[in-house]
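Inspection log for the structure reproduced underneath, given as structure tokens.
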Amino acid sequence: MGHPPSKQTLKRYGIRSIALLAFCTLLGVIITAFVTWIIAKSIYGTEERYVPPAKKTDTGPSASDLILPTSVYPINYDLAIKTYLPGFGYKENGGENKTLTFDGQVIIQLNITKTIRKITLNSLDLRFSESKCTFTVDEEPVGVQLEVNKDFEKVFFNLDKAVEPTDKAVLKIVYNGDLRTDMAGLYQTTYTNIKGEQKMAAVTQMEPISARKMVPCFDEPAFKASWTVTVIHPTGTTAIANGIEEKSEDLGDNFISSKFQTTPRMSSYLLAIFVSEFEYNERHTKSGVRFRVWSRPEEKNSTVYALEAGVKCLEFFENYYKIPFPLPKQDMVALPDFSAGAMENWGLITYRENSLLYDPRIYTGAQKRRVAVVIAHELAHQWFGNLVTLKWWNDLWLNEGFATLAEYLGTDEISDGNFRMNEWFTMDALWIALEADSVASTHPMTFQIDKAIEVLDSFDSVTYDKGGSVLSMIRKTIGEDNFNTAINHYLNEHKYENAVAGDLFNAIAAMLPDDVRGPNGAKLNMTEFSDPWTKQLGYPLLTATRVNSSTIKVEQERFKLLKSAMEEEKYSNPKWGFKWDVPVWYQSVGSKNIEMKWMKSNEPLFIHSEQPVILNADSNGLYRGGYSTELWQQIIKLIKEDHLQFSTQTRVRLIDDSFAGANAGLLNYSIPLDLLMYLKNEQDYIPWSGAIQKVRELANNYGTEPEKDVVHKFFLALSLKTPAKKDVDFVSKNYLDDKQFFDVSAAQGLILNVCFMGDSDCGENMVKLFNKEVIGKCDSDRILSECSQIPAPFRAEAYCQAVKNGNQDTFEKVFHWYKTERNQVEKANLMNALGCSNDILTLKKLMLDAMKKEGSAFRLQDCGSLFRKISSNDAASDSMLNFMTERWDEILERLGKDRSIFQRILSSITSTINTRGDLEKLRNFRTRVKSAEQYGIEKLEEPIEVAISWRETNQKFVTQYVEELTKQLRN
Ligand SMILES: *[C@@H]1O[C@H](CO)[C@@H](O)[C@H](O)[C@H]1NC(C)=O
Ligand SMILES: *[C@@H]1O[C@H](CO)[C@@H](O)[C@H](O)[C@H]1NC(C)=O
Ligand SMILES: *[C@@H]1O[C@H](CO)[C@@H](O)[C@H](O)[C@H]1NC(C)=O
Ligand SMILES: [Zn+2]
């Protein structure tokens with residue numbers, strides 16, 4: 001939601017390559033949208049609230065059934081929630097057993113703007129006490145009858161008489177509900193404390209449409225109101241909410257009432273409460289904001305990094321936005337159960353434990369960086385998203401794209417620049433965006449969302465990473481100062497209100513100096529520039545060819561991996577015809593300067609240069625570079641001679657673009673493979689990281705075919721030649737030093753991939769390490785994270801190799817340690833190891849365990865990574881499709897509870913398919929099984945087509961060519 005569990009998109013090939021580097025970043029976000037939205041271009045950018053057409057589909061209510069009328073607005077909610085958590089010895093009310101439920105009462109002050117006969121609110125799974133509900137106008141009671149419509153997720157309050165416009169109307173609603181188990185609304189999160197006792201806390205996750213599961217309300221982002229929240233909670237627990245604590249009262253029956261300060265006007269999806277026995281560390285920012293980071297008591301020490309990072313970052317953003325943080329306090333909480341990565345609730349940000357806590361003994365450098373990134377992302381939202389909020393979900397990209405952009409700024413601040421986040425932008429956001437948007441089944445950044453449920457499917461790489469990359473390109477085009485001034489203007493114009501994407505472009509246009517020129521030489525027109533990027537899908541490939549000794553011609557076409565794949569009809573004929581005005585950054589070989597020239601959508605660009613030019617130098621733009629074979633060969637020769645004349649972001653762009661060109665059939669595969677040979681001289685992690693991903697994609701294309709080994713051997717030979725450090729001791733000694741982050745990452749990445757690619761020495765060393773530092777030191781009574789002596793960067797791999805090369809006894813030991821482990825990062829290491837088993841029956845048993853409705857060893861939140869890991873294991877991958885089709889209903893029962901986790905599972909399973917027969921099987925299954933269609937399986941078929949076509953076209957050639965190169969490397 002606020003932040004996906006990981007920044008990695010589902011890449012059919014690439015995803016596996018991240019596995020060993022950082023298991024916690026494995027969870028993918030898949031691009032899927034099986035939805036029934038309708039394109040209605042005219043409404044974009046207008047001030048009017050969009051009212052979707054009354055369209056019936058065969059799957060439930062229409063969009064207009066779900067939307068709220070605009071005759072009544074909330075002014076303030078006075079909300080009281082009483083939580084019945086188990087284990088606190090309070091008296092049951094009147095003999096009724098309320099454990100695991102909550103009571104609610106909300107008094108809503110309303111602004112009625114049209115004459116009405118009924119009031120409509122969103123509500124789901126709540127039980128109302130109708131006799132206690134009242135409605136008054138100017139303190140005069142008016143009779144009400146309740147009518148619940150579960151399909152519409154609404155409750156209607158039918159009034160005895162018509163009510164004229166007034167802002168003195170008050171609706172009081174009394175109700176109760178269950179503490180949920182699906183990580184949405186007000187839900188249970190459980191853990192075992194240090195004494196081995198089962199504990200439970202209650203917490204909320206509202207975005208996008210779950211506030212209605214805790215409180216009947218106007219659950220659309222445009223209905224902003226203030227919230228006055230009181231939480232009644234068992235003695236022994238603490239409650240927090242968006243507002244700072246105002247007063248606390250012991251009610252005398254083992255309950256405490258905690259009242260919180262009224263919030264500023266905000267959207268319902270940002271509402272949050274939390275009841276727990278957690279503890280916190282506290283500091284204050286320079287501007288006096290009280291900052292607390294909460295965790296299970298035994299992890300309290302692991303909140304220190306987040307607290308420092310949070311304070312630093314909040315101070316940074318106050319400065320960056322030039323608007324003080326609007327609340328007196330900020331809380332951040334690490335939750336044992338959480339669906340996404342984090343959620344930006346105003347003043348009470350919630351996280352997965354692995355995205356907030358930091359323990360230097362257990363976390364790798366990459367995992368530490370992730371904590372910083374997620375914190376920065378959520379804090380960026382406190383202004384951009386919370387203070388100014390999107391009007392409707394079709395502009396989600398603006399919210400998430402901006403936070404994606406800003407997380408890089410915040411993380412540089414947190415790490416004092418040591419994480420060199422600018423370079424990571426190329427590797428994370430841009431890399432993922434270019435990948436995700438290269439298929440026909442993608443969607444434009446701005447796209448119609450009629451039903452709010454559909455927004456669940458749009459928390460994807462296009463929204464986050466393409467959104468961030470387009471904003472980054474705009475910032476680079478107009479200059480950072482101009483961009484920042486515009487952001488400040490936009491926030492001030494719309495604070496405490498809602499905005500549409502067009503408002504941001506208007507703000508930029510309003511603040512833009514005249515000397516910022518567009519493609520026509522006149523002042524840049526922001527809307528003309530941005531619309532083709534935000535409102536049509538895809539992005540351009542610019543191809544350079546030499547026309548004469550001093551001129552290079554650059555032309556554009558849309559980049560698409562599989563020419564034959566069809567876009568959805570509504571996206572297939574955009575008014576810009578898949579052309580863009582492109583700010584072309586380029587570097588002539590031999591010159592260190594990067595220049596920019598506009599390329600108009602309808603004309604080629606001519607560049608005067610006697611040397612080859614590198615397009616999209618520094619990876620500033622959202623487009624790929626392509627070159628004639630002659631130019632490619634010259635570039636490869638030159639980069640082999642002196643790669644340091646190009647920045648790391650330029651080097652890695654060449655790697656990415658060459659493989660993309662070959663994958664799309666535009667380029668002979670010899671080009672990217674020849675280019676990789678320059679890595680003999682490469683020392684820097686950024687290009688290596690890109691190359692590792694590409695080599696692993698290449699290997700994954702082979703499925704379980706034995707020729708895969710040829711690619712692995714090539715990598716082993718290549719990595720032996722690199723001057724980059726690659727010894728275990730160096731990593732173990734230095735991984736805590738942020739200043740050495742890149743050298744350590746390079747060494748770690750090389751070592752782990754050498755291991756992964758089947759180097760037997762590496763595997764043996766890891767098993768030895770395991771035997772010495774785990775088996776030799778820990779018995780089964782110990783919590784593994786507390787006694788394992790393996791340095792953090794190698795834990796996941798050592799545990800994995802131990803299981804892979806070990807017997808059933810080793811597996812059982814590791815499974816036992818998995819079950820007793822309390823630290824979630826160590827637990828992920830152990831889960832990863834379980835998935836390394838070579839035994840298909842064992843792997844199937846793990847999946848069956850994950851499907852158990854009760855008593856599963858795996859938290860629902862972790863099942864996405866479990867399935868991804870198992871799918872990527874050659875021992876299982878050929879069985880995954882049958883497993884899914886045969887057990888579909890069973891899988892759906894538990895794992896279908898959380899839509900996004902279930903989709904991750906589906907994408908993992910289908911990523912194992914690479915034959916026409918299996919694809920046919922999947923298609924038949926989808927057309928036969930209605931629920932499969934609903935989860936968007938159709939969208940997963942295009943990457944399968946890409947994989948099949950790769951094998952048909954390239955496998956033979958690549959195998960031979962790589963074998964040749966390996967020989968050269970060995971000479
Ligand atoms: C009340 O319900 C909870 C959970 O449903 C159960 O664990 C507990 O034993 C029940 N308490 C009583 C007194 O029946
Ligand atoms: C009620 O709505 C009207 C019309 O939109 C607006 O002018 C007025 O300020 C609102 N009143 C309150 C108290 O929000
Ligand atoms: C936290 O750190 C302090 C000081 O370093 C130490 O005394 C304490 O035992 C630690 N607490 C836990 C729960 O690890
Ligand atoms: Zn976000």
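Note that Cβ sites are derived from N, Cα and C of the backbone, with glycine treated the same way.
TrEMBL lists E378 with the feature active site, proton acceptor. Counting Cβ atoms from all protein chains shown, E378 (active site, proton acceptor) has 30 others lying within 10 Å of its own Cβ.
Under the heading Zn(2+) binding site, TrEMBL lists H377, H381, E400. Cβ neighbours within 10 Å of E400 (Zn(2+) binding site), excluding its own Cβ and spanning all shown chains: 29.
The feature domain 'Aminopeptidase N-like N-terminal' is assigned by TrEMBL to 74-270.
Under the heading domain 'Peptidase M1 membrane alanine aminopeptidase', TrEMBL lists 305-515.
Under the heading domain 'ERAP1-like C-terminal', TrEMBL lists 613-927.
Note on Y464 (site 'Transition state stabilizer'): other Cβ atoms within 10 Å of its Cβ, all shown chains, come to 31. Among the features that TrEMBL reports, site 'Transition state stabilizer' is placed at Y464.
If you look up TrEMBL, you'll see 20-40 marked as transmembrane segment.
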Of E378, E400, Y464, recorded positions neighbouring ligand 4, Cβ under 6 A: E400
C-beta crowding around H381 (Zn(2+) binding site), within 10 angstroms: 28
C-alpha spacing of Y464 (site 'Transition state stabilizer') relative to H381 (Zn(2+) binding site), in angstrom: 13
C-beta crowding around H377 (Zn(2+) binding site), within 10 angstroms: 30
Distance, Y464 (site 'Transition state stabilizer') to H377 (Zn(2+) binding site) (CA atoms, angstrom): 11
Distance [Cα-Cα, Å, rounded] between E400 (Zn(2+) binding site) and Y464 (site 'Transition state stabilizer'): 5
Rounded mean pLDDT for the residues that make up the domain 'Aminopeptidase N-like N-terminal' (74-270): 96
